[in-house]
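Student: Below is the structure I would like to discuss, written out as structure tokens.
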Amino acid sequence: MPLEESGENTPLLRGEIISDGDTDRSRWRSIRVMYFTMFLSSVGFTIVITSIWPYLKKIDESADASFLGWVVAAYSLGQMVASPFFGLWSNHRPRREPLVCSIFINVSANIYYSYVYLPPSHNQIHMLLARTFVGIGAGNVAVVRSYVAGATSLKERTSAMANMSACQALGFILGPALQAVLSFIGETGVSVDVIKLQVNMYTAPALLAACFGVINILLVILVLREHSVDDHGNRIRPINYTPEERVDVPPEVEGDIDHIAVFTSNVLFFIILFIFAVFETISTPLSMDMFAWTRKEAVLYNGIILAAIGFESILVFLVVKVVSARVGDRPLLLGGLILIFVGFFMLLPWGNQYPKIQWTDINNNTIPPIQLAPTPASNSSLEPIGCPSEQTWCLFTPVIHLAQYITSDILIGVGYPTCNVMSYTLYSKILGPKPQGVYMGWLTASGSGARTLGPVFVSHFYTILGPRWAFSAICGIVLAAIVMLSAMYKRLVAFSIRHGRIAE
């Protein structure tokens, strides 16, 4: 198919050389399917994140916050293992194959999660396995990012990546929001005896995520087509094209990839995902300890808070698309890291007020929490609330106030989405027109490794030493990321700019 110039109007910019109108419409339909796939991946993680802790306690009373860290990390561990594999697969075969396979795994794993209460023993292990398989299914994020990077020109890419991040944020919003709505089903819910399924506030979100997955499989099969363009917008043959897709093949792209910049980008992405995984994991236990919320209150209120952060993120992505065109990607990345640092600094405990303590007697039975002032009788509950006395730091660590918590949420809600979209947008530009499947697999694995280590780190650190030490350590990590970005600032440039093909 000969290359020809488009008209003035393109989906995101004007005056670029692309293929004919039908092919271009097909290209953007396929990119939108990738947006939905990213949305599904985000929903698969967040739709249960606020209810994992109370669900875990319901199926196994002996589970502690340390095991919660492993359950949350299991998703990311599965994604970390699967991402390079799916990325390699997508470099050599049509992307439909790894996408359909991964989404099917995701659907099956969410159904498995809905049944983890059923076995007579080892329920917490079943939950761990279910979340691991959900994570393996989410390994297709590498395929999604490499597809969007390869199907957009250099000028289109920041906007396309911001759109993809907005879809990810929408999943981030709808996940906790749906969990908050479904919390009204209650812990008992409805029993479907024929298939031995309990539909309640813990299982309904996972079942809904499975339904989204079925829709996604149909879209991938019926709508997705392989498309690829170079940095200037010229259509090229994808490395994994099928014979019926006849396109002109340009000369081999000359120039090497800056592997130091690639390594730096992976480290920065790891840190960005690590610190947000810490924030996601600790929100429910922290709020239950500091604000004496019940399990149901923690699920509802944190669901609302995380949904609000998601809406904030979408606004951030809209602003980022405009601002990045004026100031560039790197200044936005640096600014986002500074906001995250301030957000975690706000979470450090100050003052001389202390949280309500949840005491236990010598038989390990819970005693109602200490009340420092008279409270209405309606506040008391059979469910133990407050900061557990077995966490010794509860006795001497000042309380974190709700205003601190909300302010921190707002700051991190601006800083994280900015860093997220800028980091992998920069990464895709550094790689240039080379096949990106494997490289995106490593980037996704890097982020998944962060999501694996982050929850384990914070659950142990928080349980043993408390929020003061946990959040001080996070502030130190963010500061190290700021220093690294500043030191490598000049190397983090697009492939075509580095080789002088496009002016910066």
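Glycine too: its Cβ is placed from the backbone N, Cα and C atoms.
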Student: Do Swiss-Prot's topology records have N123 and V299 sharing one side of the membrane?
Tutor: yes
Student: Of N240, N364, N379, which does Swiss-Prot mark as N-linked glycosylation site?
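Tutor: The candidate carrying the N-linked glycosylation site note in Swiss-Prot is N364.
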Student: Sort the residues of the topological domain 'Extracellular' (280-302) into helix, strand and coil with DSSP and give the three counts.
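Tutor: The breakdown for the topological domain 'Extracellular' (280-302) reads 20 helix, 0 strand, 3 coil.
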Student: Okay, the transmembrane segment (98-118) and the transmembrane segment (303-323): do they have at least three CB pairs under 8 Å, pairs separated by 6 or more?
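Tutor: In this chain the transmembrane segment (303-323) does not contact the transmembrane segment (98-118) - fewer than 3 Cβ pairs sit under 8 Å.
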Student: Report, as numbers and ranges, every residue of the chain located at least six residues beyond the topological domain 'Cytoplasmic' (324-330) whose Cβ falls under 8 Å of a Cβ in that stretch; write 'none' if there are none.
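Tutor: Those are 158, 162, 422, 425-426, 429, 485, 489, 492, in sequence order.
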Student: Determine which recorded stretch among 33-53, 204-224, 259-279 has the most C-beta pairs below 8 angstroms with the transmembrane segment (124-144).
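Tutor: Between the stretches 33-53, 204-224, 259-279, 33-53 has the largest tally.
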Student: Which of 33-53, 204-224, 259-279, 331-351, 469-489 shares the most C-beta pairs under 8 angstroms with the transmembrane segment (98-118)?
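Tutor: It is 204-224, which has the most Cβ pairs under 8 Å.
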